[in-house]
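Data block below; observations after.
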Number of protein chains: 2
Amino acid sequence: MKYEIFSSDSNVITFSSFGTLKTQLNHIKHPLFYSNCCYCNTTQSSFITETKATSCDIRKTLARMEDSIDHLAFERNKAQFDVDEMKIVWAGSRQDFELSDRISRLVASDPAFRKDDRTTLGRKELFKNTLRKAAYAWKRINELRLNEQEAYKLRSFVDQPAFTDLHWGMFVPAIQGQGTDEQQQKWLPLAYRMQIIGCYAQTELGHGSNVQGLETTATFDPKTDEFVIHNPTLTSSKWWPGGLGKISTHAVVYARLIIGGEDHGVHGFIVQLRSLDDHLPLSGITIGDIGMKFGNAAYNTMDNGVLRFDHVRIPRNQMLMRVSQVTREGKYVHSNVPRQLVYGTMVNVRQKIVADASVALSRAVCIATRYSAVRRQFGSHNGGLETQVIDYKTQQARLFPLLASAYAFRFVGEWLKWLYMDVTKRLQANDFSTLPEAHACTAGLKSLTTTATADGIEECRKLCGGHGYLCSSGLPELFAVYVPACTYEGDNIVLLLQVARYLMKTVSQLGSGNKPVGTTAYMARVEQLMQYHSDVKKAEDWLKPNVVLEAFEARAARMSVACAQNLSKFTNPEEGFQELAADLVDAAVAHCQLIVVSKFIEKLQQDIPGKGVKKQLEVLCSIYALFLLHKHLGDFLSTGCINPKQGSLASEQLRNLYSQVRPNAIALVDAFNYTDHYLGSILGRYDGNVYPKLYEEAWKDPLNDSVVPDGFKEYIQPMLKQQLRNARL
Amino acid sequence: MKYEIFSSDSNVITFSSFGTLKTQLNHIKHPLFYSNCCYCNTTQSSFITETKATSCDIRKTLARMEDSIDHLAFERNKAQFDVDEMKIVWAGSRQDFELSDRISRLVASDPAFRKDDRTTLGRKELFKNTLRKAAYAWKRINELRLNEQEAYKLRSFVDQPAFTDLHWGMFVPAIQGQGTDEQQQKWLPLAYRMQIIGCYAQTELGHGSNVQGLETTATFDPKTDEFVIHNPTLTSSKWWPGGLGKISTHAVVYARLIIGGEDHGVHGFIVQLRSLDDHLPLSGITIGDIGMKFGNAAYNTMDNGVLRFDHVRIPRNQMLMRVSQVTREGKYVHSNVPRQLVYGTMVNVRQKIVADASVALSRAVCIATRYSAVRRQFGSHNGGLETQVIDYKTQQARLFPLLASAYAFRFVGEWLKWLYMDVTKRLQANDFSTLPEAHACTAGLKSLTTTATADGIEECRKLCGGHGYLCSSGLPELFAVYVPACTYEGDNIVLLLQVARYLMKTVSQLGSGNKPVGTTAYMARVEQLMQYHSDVKKAEDWLKPNVVLEAFEARAARMSVACAQNLSKFTNPEEGFQELAADLVDAAVAHCQLIVVSKFIEKLQQDIPGKGVKKQLEVLCSIYALFLLHKHLGDFLSTGCINPKQGSLASEQLRNLYSQVRPNAIALVDAFNYTDHYLGSILGRYDGNVYPKLYEEAWKDPLNDSVVPDGFKEYIQPMLKQQLRNARL
């Protein structure tokens, strides 16, 4: 950036050896210096040593100094805990921290991964840009001999959705999970080397949530020992698969298996889509991109596609046959591999989604928190500094619960990872006992965390005021790229209904000696929980983990029991379930919130090293729980778990907790350890140098390529000159 | 669209003289026909007359028939009220209906206003496209000799934000409201003919909400009888004004008036920015566009700008001097025009924002409702049709409250229009008594309706499942273009705090004989309301308007009183206000919700003609109120206005009401009378012909211009061929 000097008057520039800068200008305030005054607390003047300088010196000094000034240093100095130790807690382990730290810096420091120009590109340029980055990332992965985990990290820090996400995230795992050993030996090496590129073709134009309703058919032809893949209707067109539209050479296609006129339900098939020579779709196959999606760049970097088959033939051995097989004679048989495996896969996929939720939410919170410390509005008396918006209680009451949620989702995600390993171990030992509970639990947590994250990102955007609406804030992209998580891998409301079904089953079996397991274990104490009345007498009582936990358990249990009682009034249970669906969803939410709260509390029962680290997490845990209690006060009151006075004590305690977080807020988002590249936000810059950079960024827009815009001569000049009547428009 | 015929078998096509279509195909289901089967209820077979046709005939017939088929006819037939009469109610009057109907059709039928390609354009092309449409619209306005109201309608139905919005909506009104007669005579004719194009330059890089904190200065120079407009700092750069970046020739610039070193606060000045000859910025002026914003097209059609002045001189008579003047001698004097005028203007602007909220929300609801009737998921037994998603209670519980909100906001907007006229009349008679209440009321309603609308649009998008994420659904654009309304013209939380301040003042004066007026009149009954306990005994009791109204009044009054009591515990009232801000915001929301509910109820006390129309509105009014009660149950319970049993009766009644709306849902959104052009959504098409059109639309994406995408040779082929190592990327 070039700095204009507004006056040739001699200026006095003063800066400290501690990297903070303070200016005393004679009458004229230099824009950058003035900004600095806005950021730095004036109380730091004791550090300052004076140096005289002329305008000319200033000009030279500025560029050099700007990038080394930390405008948020005075905020960081306030922190009451060891940020480096918190980084380890956030990452999960020292090893995980070091991995993320190393790979994220590697990406951030490579200009080939620059992403600040994305939002101005048209669709074609944007897509080409993605192809380049994906190829370059793959090249680097090979050059640096990165292992699988490192490669995954690298792709995620590149932070631009691409066909490779589906290749590695869906195509490869589908073959690993559903292919026979023979199929894995044939296809996986090709996929691992990217000699073929695959996608996952499940959803159809008319069928998203209802996988069992898919219409694409795979009809066995015993004459030729082939399957005939076909789309009988328009609504059966495959629709949405990422990477399909323009890039994938292969797909795992889900279709109804038809043998001799009999429908055996939906199965997966490996189908080659495009020639490996000229990349043209094979005969009988129509493929295209489904068009623009929400957001400027966001998922428009991805070729979500449409696919139609007109009687396309594939060999019989391209059906994924680990669980069920079709023999040469056209007999449909099951292997001894348990079908429940598919649920294990679901637990794994959803576990990753919960982990991603904490990442997305924490990015937004990091941006909003840093900018809330930089931004000042109102509260200035006698011409002094205005108040940092982070000091307003309304800002805290919206921002800090999201900060707490980010941590809460992080820890519940960590626990889900353990759950997945536990389930896998049991599956291998043919123990399916915990599977339904694990499935319900992950479904519910996927729904809860993705909804809260999508809403939370948008709330963070609003918390940044008008500037949050600029793409350079990073928040519009973050929202647009995140929000499909509420729909994919199970619509969030549909998932909650699945949880509710499981809860109703659990309640109905309570008398039968079938002991509820895992996250529903509290239901075993249902009689006690139905009698529960909170004994909170003063605001601090709400800081006790057991007090909070019992209130959440009682609320969840009572809402489930109430639903079960209301359901029992219907002669047709399914009709009752439909009629009471909205209440059932509420009960499921209560149950899922309890899980998150209880896992946060469990985390805090562990030993957590680092000065003040555990204390901060305790504060965040209380905020998360009491914020939910406040938000769902109607649940807690109407079930009689707490009384209005106790509700108001919870609000009082919440306000106290906000004051405790306040000095630690910046350090708590620093602990996420995001690079400025990954954040992709001027408002969220680590150094807080927002306004000069925002100003600088504006000029990069293509509209600023010329002073007089394209179209002026044809459309605006005739208007101004009153010559529009004869203009051709 | 070209239809592929999937088989040359002879097909039997059957269609009715009533415009519905039903097919019987031998084994092969034609995609279009199959879709039809999905939409049309099979029970209509009695209308069907048979005609034999060959494949070839089908091909020809299809294109002709497709556009005349109403796939939602069976839904429209269910309606229990007179849709045409409801259209009048929605529009406000028969005259308003006819105006909107005529102008919207005029725009929709003109290919020059086509907008379906917007989201694929790069920034420059998009901007040029906007300039063309704005010029063309102005040309048509003149050719057709449209009056002001018609011209306004035309611009809004063009539905693409442009510099003209600010010219007509802010620049012209600023001169009308704040200019002297002389200034109006000089500037308005130029503006009316668009010989000059103006914008409204208020907000600065560092100053949005806090207008009093603006830093731009206008220093009077008595030597030359001029003002010197200057930006002393970077943060004082004008930032955000629409139309400024590339187009405006003039601006009303807000700056601190400095005379002889004394700061007289913020005033408006007319400043020429660009040459009327070559459009270049005048000397001392730096202008540019501030860059990409949220959404694909959305506000990227607009040149929101940045502006810096380096000691730019304007004649003294370009300060807007209706309220205060600077004399030739540099004396600052007030005219006898009341300063309160500015509040009148605010009431007007915000009144329009509330009206716009009902438009935006109703568009989203229209799309989601129609597609919820078209879309089917689950519930199919024996291979029949799946269930329309609009029949699911969870869908109804999310969608119908938004439908009710759209109507509620429409009516409260109508009432605000009346309020504005009332306030204006009083101002002219120097009666300022109702102004503070009117100001608080419009501030609160602006906040309430814009927040609910932004959230509601996003909820509608989610209610459309995955396809809502496609730009062709229209919903991403609608959201991105709407959501700034939560921030501009007063941040929504800041506005609620203003309302809270007014409420606290009202409560504090209750004993003093100062009778609360207007929307706070219920506060006069505070003693009675503090004693109130709802006497609801059965679900139907919640249908009585008075029962609902009293519960809302009691809740609002008690929340305000509770805040006032808590505030009184603080020795420093301002500190208390900051500390309790979150509770104060809740109290303000309760008050504003009461206003909307009460104005809906008042509307229903009027005579409303048309079969079944009033009945439908009564149902919607109850839904709006009971939905709020359910959502804010904690408020109602903790203030003791209702008990848990009554809360659960409200939920029960709400479910009944959803069943009553269900058959009328499509007709209730038809009553908005939106053209398909204005809706801009394939999911929301009037005829419900969603899937074939979605499929057709996909192929228009630029990525589909070529089968093999640009970038394949450079990036993908080397990857597949394992030749990446030597590739230059």
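One is the number of the first residue shown, and numbering goes on along the chain from there.
Note: Cβ is positioned from N, Cα and C throughout, glycine not excepted.
Fair warning: this is a prediction, and the values are worked out from it, not measured in the lab.
Taking the Cβ of B:Glu489 (active site, proton acceptor) as centre and 10 Å as the limit, one finds 17 other Cβ atoms among all the protein chains shown. The active site, proton acceptor annotation in TrEMBL covers B:Glu489.
In the three-state DSSP classification, B:Gly242 (FAD binding site) falls within coil. Cβ neighbour count for B:Gly242 (FAD binding site) (all protein chains, 10 Å cutoff from its Cβ): 26. According to TrEMBL, the FAD binding site annotation covers B:Thr203, B:Gly242.
What TrEMBL records for B:82-197 is domain 'Acyl-coenzyme A oxidase N-terminal'. Mean model confidence for the domain 'Acyl-coenzyme A oxidase N-terminal' (B:82-197) is a pLDDT of 97.
Among the features that TrEMBL reports, domain 'Acyl-CoA oxidase/dehydrogenase middle' is placed at B:199-301.
Marked as domain 'Acyl-CoA oxidase C-alpha1' by TrEMBL: B:343-504.
According to TrEMBL, the feature domain 'Acyl-CoA oxidase C-terminal' maps to B:545-721.
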So which of these recorded positions, B:Thr203, B:Gly242, B:Glu489, get their C-beta under 8 angstroms from chain A?
B:Thr203
CB neighbours of B:Thr203 (FAD binding site) within 10 A?
21
Integer Cα-Cα distance in angstrom, B:Thr203 (FAD binding site) to B:Glu489 (active site, proton acceptor):
10
Report the DSSP secondary-structure composition of the domain 'Acyl-CoA oxidase/dehydrogenase middle' (B:199-301) as helix, strand and coil residue counts.
7 helix, 46 strand, 50 coil
Quick one: what's DSSP say for B:Glu489 (active site, proton acceptor), helix, strand or coil?
coil
Integer Å distance between the CA atoms belonging to B:Glu489 (active site, proton acceptor) and B:Gly242 (FAD binding site):
13
